[in-house]
Amino acid sequence: MNKSYPNHSLENFFSTNLSATDDAVFAGIQAEFTRQNEQIELIASENIVSKAVMQAQGTCLTNKYAEGYPGRRYYGGCEHVDTVEAIAIERAKKLFNCEYANVQPHSGAQANGAVKLALLQPGDTILGMSLDAGGHLTHGARPALSGKWFNAVQYGVDRETLEINYDDVRALALEHKPKMIIAGGSAIPRTIDFAKFREIADEVNAILMVDMAHIAGLIATGAHPSPLPHAHVVTTTTHKTLRGPRGGMILTNHEDIIKKINSAVFPGLQGGPLMHVIAAKAVAFGEALGPEFKTYIDSVINNAKVLAEVLQTRGCDIVTGGTDTHLMLVDLRPKGLKGNKAEEALERAGITCNKNGIPFDTEKPMITSGIRLGTPAGTSRGFGAEEFKLIGNWIGDVLDGLVNNPEGDAIVEKRVRKEVKELCSRFPLYQ
């Protein structure tokens with residue numbers, strides 16, 4: 001026995017790998033790695049992080065409690081995690097050209113909740129985009145806390161263009177006088193006019209909050225206009241197009257607002273921050289500050305346009321007629337299909353996406369009339385325009401098979417799955 005470990009069990013505790021200690025969990029992780037490696041990921045809110053980001057999350061920082069903020073902690077021994085969090089904050093501020101950042105929210109939903117806790121009172125009126133039009137649960141959807149604790153008024157999209165109608169947003173704001181207006185969402189394929197939202201907010205003396213979770217990577221590189229010159233406060237996730245760990249962040253240029261935000265995040269909503277995740281955020285922000293990240297985002301957008309164009313040639317109806325961003329909504333009604341059945345058929349063929357409501361959808365949320373597709377993950381593993389042309393045609397083949405048979409075309413799905421696996425083998429993950 002090693003003399004440095006009087007208790008023999010400790011020697012194993014600090015040295016034995018997961019594969020030797022927990023077969024069941026290790027097997028689940030390996031199975032998920034195989035799935036990611038052999039399937040094409042088109043879920044718009046997912047991405048593939050670098051090995052460095054993954055390594056940061058698997059460090060000893062997971063052991064450290066650090067309630068409070070750098071230099072003002074409730075626990076001792078925080079000098080090194082203070083350094084890491086300070087790096088994350090400074091990189092976030094540089095990346096988005098803003099004055100203040102809070103990198104502690106565990107998720108985008110937590111970030112949105114913290115903003116409301118900081119700046120609103122229960123019962124206040126908020127104006128956000130409806131879920132079916134492309135908004136998010138946290139923007140006032142009835143089943144969510146934001147729809148229960150606040151008087152949530154929802155704006156949608158124009159019935160003709162299927163884009164935001166700013167005159168309609170203004171009319172709702174003038175009618176309901178919201179305390180907060182929320183811009184952004186989870187399924188908006190077109191550029192958002194943040195300046196117009198600020199004009200409307202100022203007209204009714206409302207706070208403008210922008211949720212840029214889906215387009216943060218695009219904003220960081222200048223591929224989408226930044227909300228920071230216009231919004232009072234901006235929230236985001238740190239995954240999606242930003243290609244970092246799963247987490248949230250809050251940005252602002254207003255000192256009075258960041259003081260309220262910091263108190264709302266801790267102690268208002270959260271306890272100890274996840275320091276290993278904050279370290280990974282810092283790594284991801286550092287990556288996003290490099291020139292390669294702009295090239296990546298440019299490819300994400302170009303690949304999305306290519307995919308949308310191919311799908312249109314295959315008879316698919318793309319909501320708004322195309323995309324300016326990383327995602328698109330496919331309206332399946334012209335093909336007589338439901339989103340849930342399309343999702344299932346595509347997954348059988350090795351292509352992962354999600355069923356999604358479309359504007360003015362009459363189907364239930366677990367059925368839907370559409371699917372949402374995104375290019376961030378595929379682009380991260382190296383897919384370019386030629387690969388996305390293939391992917392678009394594979395999707396077309398699978399959907400056509402579903403049109404001809406409600407259970408799908410097993411022969412087509414098997415053939416596509418084989419071709420998908422062959423393509424993925426040329427672009428392996430984490431070698």
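Here the Cβ of each residue, glycine as well, is placed from N, Cα and C on the backbone.
According to Swiss-Prot, the (6S)-5,6,7,8-tetrahydrofolate binding site annotation covers LEU131, GLY135, HIS136, LEU137. GLY135 ((6S)-5,6,7,8-tetrahydrofolate binding site) carries neither a helix nor a strand DSSP state and counts as coil.
The N6-(pyridoxal phosphate)lysine annotation in Swiss-Prot covers LYS240. Residue environment of LYS240 (N6-(pyridoxal phosphate)lysine) contains 28 other Cβ atoms, counted within 10 Å of its Cβ in all protein chains.
Residue environment of HIS239 (site 'Plays an important role in substrate specificity') contains 27 other Cβ atoms, counted within 10 Å of its Cβ in all protein chains. Swiss-Prot lists HIS239 with the feature site 'Plays an important role in substrate specificity', giving sequence analysis as the kind of evidence.
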For LYS240 (N6-(pyridoxal phosphate)lysine), what is the secondary structure by DSSP, using just helix, strand and coil? helix
Between LYS240 (N6-(pyridoxal phosphate)lysine) and HIS136 ((6S)-5,6,7,8-tetrahydrofolate binding site): CA-CA distance (Å): 15
Using other CB atoms within 10 angstroms as the count, which residue among the binding-site residues LEU131, LEU137 scores least? LEU137
Restricting to the same chain and to sequence separations of six or more, state which residues have a Cβ under 8 Å from that of GLY135 ((6S)-5,6,7,8-tetrahydrofolate binding site). GLY128, MET129, ALA141, GLN154, ILE182, GLY185, SER186
